[in-house]
Amino acid sequence: MYNTDVVIIGAGPVGLFAVFQAGMLGMKCHVIDAQEVIGGQCITLYPEKPIYDIPAYPKIAAEELIKQLALQAAPFNPIYHLNQQAIELNKQDDFFEIKTSKNTLIKSKVIIIAAGAGSFGPNKPPLANIEDFESKSVFYFINDKSKFAGKNIVIAGGGDSAVDWAISLSDIANKIYLVHRRDKFTAAPESVRQLRHIAETDKIELITGYQLNALDGNNSELQSVIVKDLQNNTRKLDANILLPFFGLKQDLGSLANWGLNVKLHHIEVDSSYYQTNIEGIYAIGDIAHYVGKLKLILTGFAEAASSLHHAYSRVFDGKALHFEYSTTKNTGKRSKSVTK
């Protein structure tokens, strides 16, 4: 059995920043993640996706953000337990005991749940033969955008992923059709402004008021996408790639059985320190819910800092935290994290 100060569930960007924050406060960390590598959705779903709202980075690829966060956390020697899930929780006095799907046992004073969307998968559009085209012409995630160079692409959706990828791929695609059932997009206003600016050229055509209706092609190769409006008028879009971005299915898995207050696949927390209804267990990032919550990586970073400062007295048996700015602290030499 391992003994540590903090167990962090989730090795996405918010979980990795929590490792750094814990280290700055002198807390030892173990990190559990179901994926084979650290990085969460940033690595498994969209490593090349540009992120625009990280301070000091006008634009940074998701993969590069994870690389920098891992470097930032490395001096504190976190131990990563990858390709396994946290499945059982037992409370013993002032400690928690966590068991993973690989029978790893970890004893900890504090738990930080930074599991993002939990177990995730794409929300697929209800098209009869879509499986015939998946992985060759239909993709739900992008990990190598170069494969779309010179293609005619239909992107479906109106949120950040749909809009950001339309902008990003417009540099290399032959033609992009962005299909959305409404006239208004829910992406960041600046992204929508960029989208509409590019749409003034022939690179992106906005198909609003329409939804996906059917796919046409042969041998898993898409030839066209049929879209339909509310009056059942159809339009045929010549395309060889479909990218549906309708969000992710969320599943908390075993976390839902831990006695936490859960609402609509999110964990309810207080809005001051992001503690759950169980003292010593915190939830941060996209998995956490409170009034006024913003689902931003930046917000998750702030939640990590607040929750771990609050957890300090629990880890160190009631000792008061003497606050210091990071410029007064010595994080030590760079070292390598350990993966179990």
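Backbone N, Cα and C define each Cβ position, glycine as well.
Look at Swiss-Prot and you will find ASP33, GLN41, TYR46, ALA86, PHE120, ASP286, THR327 tagged as FAD binding site, backed by sequence analysis.
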TYR46 (FAD binding site) falls, by DSSP collapsed to helix, strand or coil, into coil
ASP286 (FAD binding site) has how many other Cβ neighbours within 10 Å of its own Cβ? 25
ALA86 (FAD binding site), number of other Cβ atoms within 10 Å: 25
